[in-house]
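Asks: As annotated in TrEMBL:
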DOMAIN    27-524  domain 'K+ potassium transporter integral membrane'
DOMAIN    537-782  domain 'K+ potassium transporter C-terminal'
TRANSMEM  64-85  transmembrane segment
TRANSMEM  157-179  transmembrane segment
TRANSMEM  199-216  transmembrane segment
TRANSMEM  223-247  transmembrane segment
TRANSMEM  274-297  transmembrane segment
TRANSMEM  309-327  transmembrane segment
TRANSMEM  347-374  transmembrane segment
TRANSMEM  395-419  transmembrane segment
TRANSMEM  431-452  transmembrane segment
TRANSMEM  459-479  transmembrane segment
TRANSMEM  485-505  transmembrane segment
Amino acid sequence: MDLDRGIVQNSDKVNWRKESWKTVLTLAYQSLGVVYGEISTSPLYVYRNTFAEDIGHSETNEEIYGVLSLVFWTLTLVPLVKYVFIVLKADDNGEGGTFALYSLLCRHAKVGLLPNCQLADEELSEYKKHSCGMAPERSLAFRLKSLLERHKVLQRILLVLALLGTCMVIGVGVLKPTISVFSAVSGLELSMSKEHHRYVEVPGACIILIGLFALQRYGTDKVGFLFAPIVCIWLFCISAIGIYNIFYWNPHVYQALSPYYVFQFLKKTRRGGWMALCGILLCITGSEAMFAGLGHFSQLSIKIAFTSLVYPSLILAYMGQAAYFSRHHDVEQEYHFGFYVSVPEKLRWPVLVIAILAAVVGSQSIITGTFSIIRQCSALSCFPRVKVVHTSSKIHGQVYIPEINWLLMLLCLAVTIGFRDTKLMGNASGLAVVSVMLVTSCLMSLVIVICWHKNVMLAIGFVLFFGTIEALFFSASVIKFFEGAWVPVALAFVFLSVMCVWHYGTLKKYEFDVQNKVSLSWLLSLGPTLGFARVRGIGLVHTELVSGIPAIFSHFVTNLPAFHQILVFLCIKHVPVPHVRPEERFLVGRVGPRDFRVYRCIVRYGYHDVHKDDDEFEKDLVCSIAKFIQAGSGGGCNNSSNDEPEKGGGKMTVVGTCSSTSHHPILVSENAHEVNHVDKAETSSESHKVVKPKKKVRFIVPESPKIDTGAMEELKELMQAREVGVAYIIGQSYMRAKPGSSMLKKLAINLGYEFLRKNSREPSYELSAPHASSLEVGMMYQV
């Protein structure tokens, strides 16, 4: 399968009106198992955590009605109004999440800190897809954009804000599975003695968590279809029990939906009511998963699932619990506001089993979102490189990251064993959730002004309205810092430190490359032979530079004065878009005159694109250079970029992959080779392997009157070099802080960055390059 082509077809999913209703409904069904499991299990612990404070339960029912009213309006305003109707529209070409908002801002204003950006990147069709155009120069949106572009400090603050939101999402990925599973297992307290219960609760929760994380390797699509029926049954179960409790215990409980009871509750309980907001906050855990999971599904499918099934079921469940509690004031305090108390006794065991399964599903959504957002950060040089396994060949964005998966599992087990209390877990989870929401509100207000070009008063109104609600919840959560809320702060500090050190080291490494690149005039002075013996074949020099000659080249030829007849400076980079179309994948240009046979090739990937294996990549690379040669001879369309041309060469030309067009200056034939090899399937789990015959690719230059003699000779020489083979020249750099640098810089570079570099994955192009054809050149960087 052509992964690039499949990805491009799926990247058009932003316009879901073109999709069939069958597809939309299928995705809506799948989203129940991946996105909504988290928020669907919140009735297990909301009332219990809310009334864990010193709040009474009087005969007037003012407290229980006030809590129900707060839950109703919180669910309505935050998940429904804010996320479903507003935030989901701010997708990054179909992708969602905190970092997607930052990526969207980077494309509409030059606030990104990626070092090797080019003007040609802004010409990508996905770069400003569905853009609202340029804001008028005198508008506040234009002035705000200019302010951010002028001040590096503001750009760094924006990046740290996005990274902080990302770190809190990881924190939720640790805490949400813990509290969901632990709360579900705690239902056993009604059916056994306290002495036996404490020996079952923690081990049972740990076993379930281990099983949950072991399932992740099978992929989102398989897990989604497996879990979706469980969520459907769970939602039907809690809504049916809610309706039963409403009609059996208190049919007038609907009156508590009035905001009047919110004011009455806060007026009566005062400080206790404010502290109880930390428990009420848990009813909206999982709202961010709707946005983070957008890359796996679609806006329409997520909206349909929430408005038609999830939201009504949750409201009925909370109303049913309130109706039961309003008629029971003499239940033993320890079990007073537990979920299972309101379940009819004959149904408790079946509901317990369904709840445990639903809790597992609830954990799935945030784990999926964590994988997605870490992959975005890693692709944009804000997180150390990790192994990304693509679990679906049909739907892009569905990934599994083994290192993160097992790290999350260990942290979940540590929190479960360490806390052993839903109150402490709830305090920790609540602070992480509301922190992510505050970051989203801040970034969203900038998107409204800079990307959508809406009136600034609309953005101010958005951040004031939703920001005030979230700030109230945040203030109640911060008070619980020493009662469990310190955990997400500690996790965020560790992950934010890792991200900042990695990003800082990456920037410093690129700055060193730019400052020490070799002058192009030096290369031109050597003449067509470059002053060295030119051997047959193609030499690929990997570099991060998008212009100039990398220092690794001069270092190599100084020690080995010979090089290949075709020399290509290859730069593989990511741009802040989810996907780059195959026809826009390559930027190709010359370095020096034509007879030098030196080219520069920049390969652009989005942060959700799949890198091809070495055979496919080599074929596309040779095809792109051949198309560039043909275009320069007048035999094809020369789609030049606006970047400055290489001295003695010409402008960079946008060239597609072999599969993106039917017009080729060369013929490609594939014959089965006699040697079989094992090819790891990218679209399956890491352990799945497919044995297939290796194909030998041959290139043939057809005679064409449209191609001049010089270009024809150049094409033939390129084909002959390809037949000999391709050598990969890869630089291995070791960074050290300069003598006299500050202690903080030495710690960041010498210890932090080097430790992360040695223990992270190699770049994908290094892993895919054949070892027999690779040559590593080591260099010491002092930054």
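Including glycine, each Cβ sits where the backbone N, Cα and C put it.
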Asks: Which range wins on Cβ pairs under 8 Å with the transmembrane segment (395-419): 157-179, 199-216, 309-327, 431-452, 485-505?
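Replies: Answer is 199-216, with the largest number of Cβ pairs below 8 Å.
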Asks: Using a threshold of three or more Cβ pairs below 8 Å, and leaving out pairs closer than 6 in sequence, do the transmembrane segment (64-85) and the transmembrane segment (347-374) count as in contact?
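Replies: These two segments do not touch.
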Asks: Sort out the residues at least 6 away from either end of the transmembrane segment (199-216), same chain, that have Cβ-Cβ distances under 8 Å to it, and list them.
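Replies: Residues 177-178, 181-182, 185-186, 188-189, 192, 223, 356, 359-360, 363-364, 367, 371, 400, 405-406, 408-409, 412-413, 416-417, 420.
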Asks: Please figure out which one of 157-179, 223-247, 309-327, 431-452, 485-505 racks up the most CB pairs under 8 Å against the transmembrane segment (459-479).
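Replies: Looking at each of 157-179, 223-247, 309-327, 431-452, 485-505 in turn, the most contacts to the transmembrane segment (459-479) are made by 431-452.
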Asks: Which bits of the chain, at least 6 residues beyond where the transmembrane segment (157-179) starts or stops, bring a Cβ under 8 A of a Cβ in it?
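Replies: Non-local partners: 38, 45, 97-99, 101-102, 105, 111, 113, 148, 205, 209, 212, 282, 285-286, 288, 292, 362-363, 366-367, 369-370, 373-374, 377, 382, 408, 411-412, 415-416, 419, 422, 425-426, 428-429, 432-433, 435-436, 439-440, 442-443, 446, 487-488, 491-492, 495-496, 499-500, 503.
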